[in-house]
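Enquirer: Right, I'll just put the structure down here and ask away after.
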Amino acid sequence: QNNAKVAVLGASGGIGQPLSLLLKNSPLVSRLSLYDIAHTPGVAADLSHIETRANVKGFLGPEQLPECLKGCDVVVIPAGVPRKPGMTRDDLFNTNASIVATLTSACAKHCPEAMICVISNPVNSTIPITSEVFKKHGVYNPNRIFGVTTLDIVRANAFVAELKGLDPARVSVPVIGGHAGKTIIPLISQCTPKVDFPQDQLEKLTGRIQEAGTEVVKAKAGAGSATLSMAYAGARFVFSLVDAMNGKEGVIECAFVRCSSVNISVWKPLMLRKIGNFNVICIGKITPFEEKMVAEAMSELKASIKKGEEFAKNFK
């Protein structure tokens, strides 16, 4: 059943517009609800002229948010401010935390059964915020809340393919950990097809994957952050999610999710299941280099999670 009703919250922004275009272009989507605090009627009108079946409607401002969310199967949240040169993802916390808490609170009220896909940075904190908000409303289901971190997998695939002369579409690198700096842990040892790099090249490649967002921020020289590649990655995750909801077997993506086995949110490959369920896939044996990265990432990851949880508890 290719009848997914998808909402994009932050649809007029740098990620939101190309993401909405990709969703409009998909036969999986039947209804596309676009929300923002400015320009959504124009974005919706523009997209509605495209000759694909998804019905597009724009919603403007907080008073129209409940109507936007009503009946949605999937909600994607790219809303917030982008990074500028010299900023870390965590520097966005004060602004984006409030935006995510407000939007996810509306989701908890008006579409509590929907799949919630959060793109807004810092993801290491915005997913804990979303989880706490849903708990406050008594509708928390960890199987329905995802931090969209697909962009780091997309980047890892592209960079490995470039170095090895492979077709990027056939390269698959799992990434675990979080979605900021050293918490991004690409498992090159688990790459399909198998690849090998000398240690110095492996360290350089890993560093590039971890800092790829900064690479784009610098290249755009103050004009924004990774918007087009993030829109592609966000759409890829949504399509995988909808495929799984439609009953497709063996759908695997990485995401930042609640993982009870380690009692904190971690980013792991998921086997997506039909209607709001997933199994966390066992990674298998990793190399000493990768184990060291995991150990070094944990304190920062735990601090970011705690920061998000505490913000949500005090949010009115």
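Just so it is clear, glycine is given a Cβ too, placed from its N, Cα and C backbone atoms.
From TrEMBL, for reference:
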ACT_SITE  His179  active site, proton acceptor
BINDING   Gly10, Ala11, Ser12, Gly13, Gly14, Ile15, Gly16, Asp36, Asn96, Ile119, Ser120, Asn121, Met230  NAD(+) binding site
BINDING   Arg83, Arg89, Asn121, Arg155  substrate binding site
DOMAIN    5-147  domain 'Lactate/malate dehydrogenase N-terminal'
DOMAIN    149-311  domain 'Lactate/malate dehydrogenase C-terminal'
Enquirer: Near the Cβ of Gly10 (NAD(+) binding site), how many other Cβ atoms are there if near means within 10 Å?
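Expert: Other Cβ atoms within 10 Å of Gly10 (NAD(+) binding site): 26.
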Enquirer: Cα distance, Gly16 (NAD(+) binding site) to Arg89 (substrate binding site), nearest Å?
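Expert: If we compare the Cα positions of Arg89 (substrate binding site) and Gly16 (NAD(+) binding site), the gap is 18 Å.
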Enquirer: With every protein chain in view, what's the tally of Cβ atoms within 10 Å of the Cβ of Arg89 (substrate binding site), excluding that atom itself?
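Expert: Here the count is 24.
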Enquirer: Averaging the per-residue pLDDT over the domain 'Lactate/malate dehydrogenase C-terminal' (149-311), what integer do you get?
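Expert: Mean pLDDT across the domain 'Lactate/malate dehydrogenase C-terminal' (149-311) comes out at 90.
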Enquirer: Would you please pick out, from the recorded positions Arg83, Arg155, His179, the one with the fewest other Cβ atoms within 10 Å of its Cβ?
Expert: Arg83
Enquirer: Can you name the binding-site residues among Ser12, Ser120, Asn121, Arg155, Met230 whose CA is within 10 A of the CA of the residue listed as 'active site, proton acceptor'?
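Expert: Among Ser12, Ser120, Asn121, Arg155, Met230, the ones whose Cα sits within 10 Å of that of the residue listed as 'active site, proton acceptor' are Asn121.
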Enquirer: Provide, as an integer number of angstrom, the distance between the C-alpha atoms of Gly16 (NAD(+) binding site) and Asn121 (substrate binding site).
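Expert: That separation, Cα to Cα, works out to 14 Å.
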Enquirer: If you count, for each of the binding-site residues Gly14, Gly16, the other Cβ atoms lying within 10 Å of its Cβ, which residue has the minimum?
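Expert: Each of the binding-site residues Gly14, Gly16 was scored; lowest Cβ tally within 10 Å is Gly14.
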Enquirer: Taking just the CA atoms, what is the gap between Gly14 (NAD(+) binding site) and Arg83 (substrate binding site) in Å?
Expert: 11
Enquirer: What is the biggest Cα to Cα gap, in Å, among Arg83, Arg89, Asn121, Arg155, the residues listed as binding substrate?
Expert: 18
